[in-house]
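Sequence annotations record features per position, and here Swiss-Prot assigns ATP binding site to LEU10, SER11, GLY12, GLY13, LEU14, ASP15, SER16, ALA17, THR18, VAL19, ALA20 based on sequence analysis. Residues or ranges marked as Zn(2+) binding site by Swiss-Prot: CYS189, CYS199, CYS202, CYS205.
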Amino acid sequence: MNEKKAVILLSGGLDSATVAALAKTEGYACYSMSFDYGQRHRAELRAAERVARQLGMVEHKVIGLDLGGIGGSALTDPAIAVPESPCEGIPVTYVPARNTVFLALALGWAEVLGARDIFIGVNAVDYSGYPDCRPAFIEAFERMANLATKAGVEGQGFRIRAPLQNLGKDEIIRAGLRHGVDYGLTVSCYQADEEGRACGRCDSCRLRAAGFATAGVTDPTRYG
């Protein structure tokens, strides 16, 4: 019997850790992928390694990219400040084409592995408004994946799985806890220090803290 494989986009944050746990629960042999893309919050890479070990990923791969060479985001350009108060519209923490690039590389690895499912922790409820987290984007990428790959055109189609798409942050946290996620291992902060301590002020920190509060669960986040 062939092993059921999946590629998991694992940033080291709360959402992607939850997705990895859900995929494991579904019986997948999970291969996780993270990206060192020039992000200011590089502590998330160490968090991803911790989560991959805790959840038993078959292999954890870190791909180097220079999205800082493109710029245009507070996460890759130190000259652009990370906002510490809510703002209207798409915030400057949006990284141009990030999820498109990440999914494309995950797709390539999935095809090599013979995996048909790619899991991503995007969410369109408690989120920052990024266009590449929306259901329409995920659906469009899946269509493209099955037109652009050898496996896809030969009838062995890919699925882009986004199980958190319509969940609130509190629902995500409760689901992760049911499936064994240790959120103390994760880093969500956009400007976490080298030790992974959070600022408590950026949009990602606010969403995370509100999620734990609404879920009625102790928040294990370490603050600087």
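For all residues, glycine too, the Cβ spot is worked out from N, Cα and C.
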If you count Cβ atoms within 10 Å of the Cβ of CYS205 (Zn(2+) binding site), leaving out that atom itself, what do you get? 20
Between the C-alpha atoms of THR18 (ATP binding site) and CYS189 (Zn(2+) binding site), the distance in angstrom, to the nearest integer, is 16
How far is it from CYS202 (Zn(2+) binding site) to LEU14 (ATP binding site), counting Cα to Cα, in Å? 15
Quick one: give me the count of other CB atoms within 10 A of the CB of CYS199 (Zn(2+) binding site). 17
From the Cα of LEU14 (ATP binding site) across to the Cα of CYS205 (Zn(2+) binding site), what is the distance in angstrom? 11
Extra residues within 8 Å (Cβ to Cβ centroid of CYS189, CYS199, CYS202, CYS205), Zn(2+): VAL82, GLU84, SER188, TYR190, GLN191, ALA192, ALA198, GLY200, ARG201, ASP203, SER204, ARG206
Whole-number Å value for how far LEU14 (ATP binding site) lies from CYS199 (Zn(2+) binding site) (Cα to Cα): 16
Cα-Cα, LEU14 (ATP binding site) versus CYS189 (Zn(2+) binding site), nearest Å, comes out at 10
